[in-house]
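Following: one structure in structure tokens, then a few remarks.
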């Protein structure tokens with residue numbers, strides 16, 4: 001495997017925690033999901049990536065195990081590999097997705113008030 005043509009970093013899309021910080025008092029950080037706007041943002045990122053990438057690029061995704069990042073990756077892949085509006089040069093089965101725990105948020109414990 002040679003040197004990659006480019007490395008693209010994408011932060012997770014809008015999550016419930018971005019919209020309402022109090023959610024962390026009820027839901028563990030790793031289980032916070034995307035908002036409907038977040039899903040749209042992830043799908044838009046997939047459309048933009050499709051325009052940015054070359055058809056012969058080899059794609060590999062590295063994502064944290066947190067729900068919001070896995071959902072962002074899924075939203076990106078949904079539009080990146082879609083045959084709408086035209087056939088995608090990136091079949092889903094050719095894209096590797098790696099879940100990497102070292103990419104997750106720093107975890108200092110639960111300091112929210114009871």
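Cβ coordinates are placed from backbone N, Cα and C, and glycine is handled just like the others.
Among the features that TrEMBL reports, substrate binding site is placed at 11, 12, 13, 14, 15, 16, 17, 18, 68.
Report note: the substrate site is defined by 11, 12, 13, 14, 15, 16, 17, 18, 68, and the residues of the same chain whose CB lies within 8 Å of the CB centroid of those residues, excluding them, are 19, 32, 34, 35, 38, 72. Fewest Cβ neighbours within 10 Å among the binding-site residues 11, 13: this applies to 11.
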